[in-house]
């Protein structure tokens, strides 16, 4: 409960010079000893975590003359603030930054807490993760160590050379730096530390992933992105022509985004400065970003609930507004309100998109080629549509690639549908012929090959590029990583026989991410 809203005046603190107590108050008071304020645990001077001394909270709640309604509000406010102080990205914030975030989230610590928890849930922040990039792969352990393997023609593995390697190798130059997020694009990699710094290597480029004048300089070891040094970054997303980053406060910045007819595509070769995403999201905090081929999705956290905004190229209806029109500024996807669905996770494939709702429903929209929308056909959908074939499944995670979609249920089962090229769907692995496991799947099917590993899957990552054969990672709750699909560049982290270019059955990668 804020003092300004309750009518209670704000307490003002002043430096009072030493003088007799009687000069300050009329009635005599008992003498007291000036005490030094101590820190608790890992707290810094000035911090006073509620959990470290709950008796103070109890004293305030029981001795102050508050009516039951105000008492309940105060108790909820203190509890929410205490929980915020336990979150990794909230701890290092100054009081001014915390108050600014509170205002941006809607004016209460409960809303700040919801914002922080939503970001952790949808992005696996502070947890292990695997990224199936175009031709190369990145794996981040729960302690923040980074392993890379696969294609390395641009130095995107970060080992100081351009040699391809199928064996997962730790990036030694990051020793002492804890990485919490990773993003992989064609020929380049971005890593984000727990201090909000961004490190990039591979093509020296933020746009024009495959061709063009950008990216002629190669960076073979992780280097801090100087243009982002004043922004505390928590997530990065790499599209085909642009890059986007998300700040701790929920602001979105883009590189090489383009204007007018080049929206979602690169502008100038020297476009290396982050530009804030203007429009509707300027004053609305975002918890997750997802980049497609030439468009961007933003999961926003508002006092009224969670919502999704889209911006960029509208071909195929992938922006979700009922048309194929480009959007120069972020626009709210209104269909979720009509479906009475609270979005919790967003995924942007090259040409189609997906969302998981709080109730476990899955929606897809955009180009429906190869059945990647899961509606039993190859039709396009210009607004989000519930995948009815998953009506008996409570989904918690979704991943999209180039005409491919994976859904993870709350019990760890995995379903996939769409393009079966490169055996990246994980189906029909027992068949002898290549045609079996390469079949397209128009409706969600349980990936039995992952069911057989007897591990609860918590994350799926698959290649999101139209230029590279796809591969897929499945990360289990115990930190085991399984890979299948294309492996011609060593991107599976598994050694293949001389005549093999892919692996249809999930195989364990020799890394323990926990």
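Backbone N, Cα and C define each Cβ position, glycine as well.
Taken straight from TrEMBL:
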- 128-461: domain 'RCC1-like' (DOMAIN)
- 144-195: repeat 'RCC1' (REPEAT)
- 196-249: repeat 'RCC1' (REPEAT)
- 250-302: repeat 'RCC1' (REPEAT)
- 306-359: repeat 'RCC1' (REPEAT)
- 360-411: repeat 'RCC1' (REPEAT)
- 412-478: repeat 'RCC1' (REPEAT)
- 479-514: repeat 'RCC1' (REPEAT)
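Here the repeat 'RCC1' (412-478) has, by DSSP, the following mix of helix, strand and coil residues: 11 helix, 23 strand, 33 coil. When the stretches 144-195, 306-359, 360-411 are ranked by Cβ pairs under 8 Å to the repeat 'RCC1' (479-514), first place goes to 144-195. Counting residue by residue with DSSP, the repeat 'RCC1' (306-359) contains 7 helix, 25 strand, 22 coil. For the repeat 'RCC1' (360-411), the DSSP counts in helix, strand and coil order read 6 helix, 23 strand, 23 coil.
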